[in-house]
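Asks: Pulled from TrEMBL, these are the listed features:
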ACT_SITE  Glu122  active site, proton acceptor
BINDING   Gly151, Ala152, Ser153, Thr154, Gln155  ATP binding site
TRANSMEM  411-431  transmembrane segment
Amino acid sequence: MDAGSSHTALYIYEWPAEKDNNTGRVEQTHLCKVKGPGISSYASAPVKAGESLRLCMEEAKQWVPGKRHHQTPLYLGATAGMRLLNMANSSASDKVFQAVEGALQKFPFSYQGAKIISGQDEGAFGWITVNYLDERLKQGLETRGALDLGGASTQISFVSDNYDGSESPSNSVTFRLYGNDYNLYTHSFLCYGKDQSLRMMQAHQSQAGPATVLDPCFHPGYTATKNYSVLYDSPCVSDRKPKDAPDTFTHIGIGDFLQCQAAVKSVFNFTSCKYSRCSFNGVLQPLLQGPYGAFSAYYFVMNFLNLTDTSVPLEDVKEKLKRYCATNWDQIMQQHPEVKLKYLAEYCFSGTYILTLLTEGYNFTSESYSDIKFIKKIKGSDAGWTLGYMLNLTNMIPAEAPDTPLLPHPGYVSVVSVIAVLLFILFIVSLRPLWPRCSKQPQIV
Ligand SMILES: Nc1nc2c(ncn2[C@@H]2O[C@H](COP(=O)(O)OP(=O)(O)OP(=O)(O)O)[C@@H](O)[C@H]2O)c(=O)[nH]1
Ligand SMILES: [Ca+2]
């Protein structure tokens, strides 16, 4: 189970129960999205966090054959929402885990625990998922970097030839998989998921605590009354809460992409770097290299905006987004009556944030932008950290390359069958001297 900051999802993975489970045949067979918010939102009513998982767990009981329930390991990993709750109020986060644990243990699966996973693991397992599903690991091919944009944090992970890990060990993960060594660069930026970065930007815009906030990242015609205490209720912004601010402010959209880009840039710090090169906030980042898969909110947002085609020049992408942001809110709502209003109101901001993070933050250029592919699934399985996490915990990826069989499995079956038939014929033939003679007796008259 992926207990994310914005929601929890339950994934069911399946593979043949033969001994040869090193052959990259793990598949996602079901996804259940838990109704309601992520578990970290239940800090003031922890029991409800456990209850929220029940429906998906019931579904899992239907999907996994009854006789396999007890043999099916169940893991829950929580990401940035619980990291933030743990920072702000560790006893509240413990209570949420107790409630979740109590609820999950009531089910017949082999419960293996619920925990917060580190940002490094989140990045590294996302990278493993993408490259496992692409069969790049097994075949020792060039790997694909992984870009994950969540609600509360964002991860970048890739292999770069000139990176040996010694400059910043906390950004380095080494693996030996299928006989190949990988030295992976990975970083997770807490607070730089799209929901928390929106808060950071709005906190920046409303430093003086005005009663009205004019926001270039929301459409012209958009107005909403918002609560200062809700906006500042996160460790990502809590230290910036203006004193003497009114309880509420009126949030008014003005839909100006260039101003929005400038406002988004204000959440990144580019001033100092003690390494050979940095992305932002003084974090080491080696030279970008190879192709990249960008998933979760990268995909949701760029897919909605019809901007998943990265062969379109970056300047044209920006131009399209500029026009989209300037479109009147009424018109946007009329064009997309089926989309949740919260998502709809934020696509201009989210698209601008994504382009700014990629180009200003990670240093993708007009040329290297086309190395990115926005993806949701690979061969039917969702891109995300859960598959890599599960493969690791069940020891499904061997360090050494498995002995490569001379023939694939069906080939063996045919050869063995032919040999068995030949041996049988040989056996029958070898019994020939013992056969009763059936020579014709001369008839005695
Ligand atoms: N537009 C749109 N946004 C979505 C959808 N599903 C999730 N989101 C939003 O996209 C952002 C990222 O979602 P996820 O990748 O699920 O984030 P998460 O795993 O909950 O958060 P982290 O713990 O930071 O990884 C959040 O702001 C979600 O509210 C969707 O189907 N459409
Ligand atoms: Ca996530």
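Using N, Cα and C of the backbone, Cβ positions are placed for all residues, glycine too.
Automatic, uncurated: that is what TrEMBL annotation is.
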Asks: Filter the candidate list Glu122, Ala152, Ser153, Thr154, Gln155 of recorded positions, keeping only entries whose CB is under 6 Å from an atom of ligand 1.
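Replies: Once distances to ligand 1 are taken from each Cβ, Ala152, Ser153 fall under 6 Å.
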Asks: Let me know how many other Cβ atoms fall within 10 Å of the Cβ of Thr154 (ATP binding site).
Replies: 31
Asks: If you run the three-state DSSP split on Ala152 (ATP binding site), which class comes out?
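Replies: DSSP assigns Ala152 (ATP binding site) to coil.
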Asks: Setting Gly151, Ala152, Ser153, Thr154, Gln155 aside, what same-chain residues sit with their Cβ within 8 Å of the center of the Cβ atoms that define the ATP site, listed in sequence order?
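Replies: Other same-chain residues with Cβ inside the cutoff are Ser5, Thr79, Ala80, Asp148, Leu149, Gly150, Ser188, Phe189, Leu190, Tyr192, Gly193, Lys194, Gln196.
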Asks: What binding-site residues among Gly151, Ala152, Gln155 are found with a C-alpha within 10 angstroms of that of Glu122 (active site, proton acceptor)?
Replies: Gln155
Asks: Please list, in sequence order, the residues in the chain of Gly151 (ATP binding site) that are at least six apart in sequence and whose C-beta is under 8 Å away from its C-beta.
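Replies: Spatial neighbours, sequence-distant, of Gly151 (ATP binding site): Gly4, Ser5, Ser6, Gly38, Ala80, Gly81, Gly193, Lys194, Asp195, Gln196, Ala297.
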Asks: Tell me the Cβ neighbour count for Ser153 (ATP binding site), meaning other Cβ atoms within 10 Å of its Cβ, over all protein chains shown.
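Replies: A 10 Å sphere around the Cβ of Ser153 (ATP binding site) contains 26 other Cβ atoms.
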